[in-house]
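As structure tokens, the structure follows; a few thoughts come after it.
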Amino acid sequence: MAAGVATWLPFARAAAVGWLPLAQQPLPPAPGVKASRGDEVLVVNVSGRRFETWKNTLDRYPDTLLGSSEKEFFYNADSGEYFFDRDPDMFRHVLNFYRTGRLHCPRQECIQAFDEELAFYGLVPELVGDCCLEEYRDRKKENAERLAEDEEAEQAGDGPTLPAGSSLRQRLWRAFENPHTSTAALVFYYVTGFFIAVSVIANVVETIPCRSPTRRPPREQPCGDRFPLAFFCMDTACVLIFTGEYLLRLFAAPSRCRFLRSVMSLIDVVAILPYYIGLFMPKNEDVSGAFVTLRVFRVFRIFKFSRHSQGLRILGYTLKSCASELGFLLFSLTMAIIIFATVMFYAEKGTNKTNFTSIPAAFWYTIVTMTTLGYGDMVPSTIAGKIFGSICSLSGVLVIALPVPVIVSNFSRIYHQNQRADKRRAQQKVRLARIRLAKSGTTNAFLQYKQNGSLEDSGGGEEQALCVRNRSAFEQQHHHLLHCLEKTTCHEFTDELTFSEALGAVSLGSRTSRSTSVSSQPVGAGSLLSSCCPRRAKRRAIRLANSTASVSRGSMQELDTLAGLRRSPAPQSRSSLNAKPHDSLDLTCDSRDFVAAIISIPTPPANTPDESQPSSPGGGGGGASSTLRNSSLGTPCLLPETVKISSL
């Protein structure tokens, strides 16, 4: 009975649990996988690197390449991927933009390459996030300036070399813009610099008062009036040099209109124009005052030094790039001058014998105070005037000091940019020099190739052309290997006989073999054997009359390789496989000899029916023969007095 109760009691309890109300509301449905319609995982293969993302992620930006139907042109049906032959590191930032909606600019990547990737995927640079936007614009601006400078240098002919068919104008403009291209350009560069210095010094010295000892009483007068002929001759010589330079620059300029509108062209005109106006101006007292005014413009000749000084050019570029900051400084100073001049005028208005008679008269005091000069010709006397004068001085220091760091940073940036440009030009010159050296090396190799008999003359008469001699592939590999050995061992290897002469100096037979064997035996200095042995083909057997080595063990196949030995200048020796000095060879011998290296390989038992078995002159007639075959492929062995090549 107890056993029966124990059996059905758990089922009763389970049923009772089902009767009790466990929750007041119905239970939620069982969790399941919700099928997402229209969303799938897309695989994007960028140069072998696979990226996976949702289709809806890319569809958020339908105006781009990945978000539009244009990406279907890059779909590979075999792999089921979208393949793009682009930079995978850049694509990581592009894909993050689709995921997060923020585009970041990588610092370690080239800004131009980044722009190209954005243009390919249809993204505009304005999508760059605020965290990277300022740095992106600075880098892009710097890169644009560098490219503009390179383009100007290329148009001006400031490159390392000019084309062979360059015109006279191009050569002249290159000489003016880059004086270090030739000796004549460098001489003209220093001559013009000398005359610029003479002109500036003469313009200063002619105003120095000089005493005239001939007049009684002595009277001081300017040196220009005392020695008019000397100063006129110096001025004439300088102006002639400047005029010739200006006309030559105008003739050689790539764009004459652009040259006439340039700042340096205007400086040249202003430097030489007063001379010609004074030369043709009538000597009349009524117009002498205007001529004296025109002579003031001669001081602008000093700006011609900017062509001869890289620092002055950098300073000009800096001021040009800081135009907005300088405009802000000028506007701020103008406002402060007007405000403090008005305050100082009303503060000093009630005093007797004051110098602040009007607001424009107070401008001078405000300018001198804000620039911290303080001449002392105008001084406030009231307490209010002194207080406002102190405030004016402090505000001037703050206003002037604000744009200074920006100007300094721009100067430093342009300076380092010019340094990098000079370094790139120097590296480009080095690369071009290496290319010319390589070309000259190729020419020398061609001449050596011809000297070694690899080229022959074809045709007759005066017109003879060089053509490559028809050689077997085996012989071509032989010459190629010799060339490689010369480069690696710094020794020169030469053949005693050409390939055709070596074949004509021996008698050939017929023999077939499956494998290659090598044996070398000493022969006369005037004979050399070589042949080419392809696989499973009939091979020529060479029987030597003066063979000194014989094979006594079974039927052996031997391939003899002979190579010419010449005296090596290197004192040290190098060994190689397949290279072995013969016992009877005198290493101190200066004459050429041939060395034998024997590698024996058992002959296969099966022979072709047409195989001939020549008897060895030194053997015992056991079916073995000394077969000599010369393979032109060789490996050098440099002995103390000889150089030996033995081939596989």
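Glycine too: its Cβ is placed from the backbone N, Cα and C atoms.
Given the structure is predicted, the values throughout are model-derived calculations rather than measurements.
Here Swiss-Prot flags 2-20 as region 'Interaction with KCNIP2', drawing on similarity to another entry. According to Swiss-Prot, the region 'Interaction with KCNIP1, KCNIP2, and other family members' annotation covers 2-20. Positions annotated as region 'Disordered' by Swiss-Prot: 144-164, 601-636. As annotated by Swiss-Prot, topological domain 'Extracellular' applies to 206-230, 346-359, 380-386. Summarising the annotation, Swiss-Prot assigns N-linked glycosylation site to ASN352, ASN355. Feature annotation from Swiss-Prot assigns intramembrane segment to 360-371, 372-379; the stated evidence is similarity to another entry. Taken from Swiss-Prot, the feature phosphoserine covers SER458, SER555. According to Swiss-Prot, the feature region 'Required for dendritic targeting' maps to 474-489, an assignment based on similarity to another entry.
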Handout entry: Same-chain residue ranges lying at least 6 outside the topological domain 'Extracellular' (380-386) that approach it to Cβ under 8 Å
Key = 344, 347-348, 350-351, 354, 356
Problem - Candidate with sparsest Cβ neighbourhood (10 Å radius) among ASN352, ASN355, the listed glycosylation sites - result: ASN352
Handout entry: Helix, strand and coil counts within the topological domain 'Extracellular' (380-386) (DSSP)
Key = 4 helix, 0 strand, 3 coil
